[in-house]
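Visitor: Got a structure here, written out as structure tokens. Questions coming.
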């Protein structure tokens, strides 16, 4: 118990595999669940004062946490999940579930968020990664975000300053943490929006191994190619290291089929990169983030 942070939900030596989509990850020294910006500021101020590292884990969907875990504070925004509408502008806190947020937009007959209807993760992580699918991405509807800087200051960042690119945003370099974000939507027809979301979710269910733990799409799309196609052509579908294998359903995914570890994921990623490069001459670049310490 840290007496200076009394009243905040903080768990010591907490295994992170219970919170990640991959079902891997060692312990966090301290795992914190702030309920509001005040509690978040208290955690960051304490960590900075004590020279303790801290990071925000988000919804841990496109992420691998190593088996040795993470030192210092890991902050999760599960309780910072409010969503508000002001006309055609939707504002969501960083911990809001991305899929549920698209359903709120649909309920109010607002169009623009359909592309994200099946993307797992949080609003904060989606902004960080400029998440996208089926021709849409966060940058297409993003207005601004409130962020927390490493020094504990809260500031607003515009779409221009975010410098979005393919699975990229400026905050990947600055280390700023999204607290909330605003999105510009447009009035639409409820039935049309609903039909499009159903169509995209059907495609996702057909093509992706949603029945297994995974980190989502492992590799960025190489120019002029598709990562899954290159992996398939290198005869890597079903290739397994430890408890993790390249999905038979979609070669761009790696799934945890038998109590796999983060090391299994990393070893399989490295093997796929090397094998694909030897086969096609194309070097794949991981989209998934890998953080933490090895055992």
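Every residue number used here counts from 1 along the chain in the order it is shown.
Placed from the backbone N, Cα and C atoms, the Cβ positions cover glycine too.
So Swiss-Prot has the following annotated:
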{"type": "DOMAIN", "residues": "23-188", "note": "domain 'FAD-binding PCMH-type'"}
{"type": "ACT_SITE", "residues": "167", "note": "active site"}
{"type": "ACT_SITE", "residues": "217", "note": "active site, proton donor"}
{"type": "ACT_SITE", "residues": "287", "note": "active site"}
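Burial and contacts for the listed features, if you can.
Guide: Summed and averaged per residue, pLDDT over the domain 'FAD-binding PCMH-type' (23-188) gives 94.
Applying an 8 A CB threshold to same-chain residues 6+ apart, the list for residue 167 (active site) reads 129, 130, 131, 132, 220, 287.
Residues near residue 217 (active site, proton donor) in space but far in sequence (CB under 8 A, at least 6 apart, same chain), listed by position: 62, 227, 252, 253, 287, 288. Residue 217 (active site, proton donor) carries a strand DSSP state (E or B).
When other Cβ atoms within 10 Å of the Cβ of residue 287 (active site) are tallied across all protein chains shown, the result is 18.
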Visitor: With H, G and I counted as helix, E and B as strand and the rest as coil, say where DSSP puts residue 167 (active site).
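Guide: For residue 167 (active site) - judged by DSSP and reduced to three states - the answer is coil.
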Visitor: Based on DSSP, name the secondary structure state of residue 287 (active site): helix, strand or coil.
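Guide: Where residue 287 (active site) sits, the three-state DSSP reduction gives coil.
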